[in-house]
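Features as listed in TrEMBL:
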- 653-745: domain 'DYW' (DOMAIN)
- 40-74: repeat 'PPR' (REPEAT)
- 102-136: repeat 'PPR' (REPEAT)
- 205-235: repeat 'PPR' (REPEAT)
- 236-270: repeat 'PPR' (REPEAT)
- 337-371: repeat 'PPR' (REPEAT)
- 438-472: repeat 'PPR' (REPEAT)
- 473-508: repeat 'PPR' (REPEAT)
């Protein structure tokens, strides 16, 4: 009687939650004190099972080792315990030592492998089962586990074999096996097979419906999923969350928000997964107000401190361009994991806060969290945006040391980094070392060559990409078209533009049209640019009109220039480019009255020109310069270096281009103004401090002016230094008096 009582207590301990271990230990003490030694084997088997279900794997093992008599139930109890603990080595060793085995033994072994993410080993165990004594017959549990293994392997042939065996064993009508089959076929893209199994099953339960809806949404069969959802008489929170998640993943974020509202009205419990999906929808829509309302709801339901929801909130606010709100959520999180940190780092990068992204990455490392490939790729991308080669190179070393270099995400980010930092040779070397190239890899290198002004190499690389069967995207074509523009390949560029639509099915966006406007304008074919604009399906954006206006200034075409300026002002009245470029055109003709009128218009409309600045990084510190800047501690030496440079350049034939000075002053004053432009100050600083064997790297927030471009060529010649300037448009590499852009700048 006492044995039965203890056995009942141990059976109940399995469902006792957190107190299960205490109950099992208490009963164990009672057994030792009140029962003769050794206790009955069946009672010890109950105790072994209780310890296993309570997660006390070491105690279970000690009990097993101490048992004087064991039967197959004893072995199966420990085998199941080891399987749940993912102790695969111990599990296999115990299985091999078993004097006899039954279906339960094999089920424990197979589910242990599938649960630990080892589907291939599970398949081998199943084949061993089939070779075993014919008295052991696979059960529904066995076949369910094997279907999940085939699904994890993505092996269609193996999956169909298991399906045939399920039918032969007579398990085809069971929902327990049918649900994994539906899931397997859906994951393999065989949605018709999944639908057929679902339709043939009788007595379908809620799990089956949820599995089928998930499969339909995964295969982008939204209408069918919607119909099935609406005919369901019983729905749980998983059903609703599946719809919200699936609609979001299929780009139907507004409909996902509608389903979420219905879910709330019906009083369905909302969990972390629902919140995560609906916040993703808000982020995709940039729906800040709805996102804030859901944030409030997470606070009311005590989910705001959930690590999964907190990460989704950071991501949502980042995508809604509210980086400070994202930062506030992140700082309030009690616990942070790699997903939380990655969301914050990516958010900084998306919002132009690249320096903060790099700082956040350093904080994450101090917290003892190792980056994954996505996190490392994101911070490298931020370094690329900063043109920070030093920090980027450090992350390159981290990628090598951590073993993350093999991930395409990281390699692609490094190719982009070196391309944007002007090290196109290193970018190409990294590209060649990659074992696999996807669309992003090719696009990163194509864009790198394009930004560097190497049109022939860009086009050759693009053609090689096509020959490899890699499909280009819109970003790839932006790189190719811009390369054609900078090299003056008008016919080639026009051919690629129409091929993009006809052969690749890519609908042009504003950036593609701007490239075409630039293609015609840069080559002096302003009339063709005008005709192209008039035939466009939409009006150009501000960048498109600004591109045309800039070309009109260089070519002195006042008529088309005024037309471009009027349209630019209509689209963006606060854009200073229209005023500045028109001022420059009038100033070149000596029409100072027109210049004064335009300046009055700027003052009346409170339009402010963005001040030009250039910066150079030296010994991990960024040195920023503006025109006529006297604030730098080494100003005296910098201006002395400039005086020396000016005299040497004049000796070599340099003549300042005063046409860009928009002031009615004497030419001597104009020359003085030009000599103190920000990029010249930064270059002088670089000549003073950057070692001779290293190139001088300058970043400028605006486009390099004609005079500075010409002057930098002369500086590279008289000093024998390589100078890399990254402006708002492209890269310029100056070496021995020549620029990489070939003066198609």
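For all residues, glycine too, the Cβ spot is worked out from N, Cα and C.
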Within the same chain, the residues 6 or more beyond the ends of the repeat 'PPR' (438-472) and with Cβ under 8 Å of it are 408, 411-412, 415-416, 418-420, 422, 424, 427-428, 431, 478-480, 482-484, 486-487, 489, 492, 504, 506, 730-733, 739-742, 744-745
DSSP composition of the repeat 'PPR' (205-235), residue counts helix/strand/coil, works out to 23 helix, 0 strand, 8 coil
Sequence-distant contacts of the repeat 'PPR' (473-508), meaning Cβ under 8 Å and at least 6 residues beyond its ends, amount to 439, 442-443, 446-447, 449-451, 453-456, 458-459, 462, 465, 515-516, 518-520, 522-523, 525, 730, 741-742, 744-745
Per DSSP, the repeat 'PPR' (438-472) contains 26 helix, 0 strand, 9 coil
Taking DSSP H, G, I as helix and E, B as strand, the repeat 'PPR' (40-74) contains 26 helix, 0 strand, 9 coil
Here the mean pLDDT of the repeat 'PPR' (40-74) is 81
Grouping DSSP H, G, I as helix and E, B as strand, the residues of the repeat 'PPR' (102-136) number 26 helix, 0 strand, 9 coil
Across the repeat 'PPR' (236-270), DSSP yields 26 helix, 0 strand, 9 coil
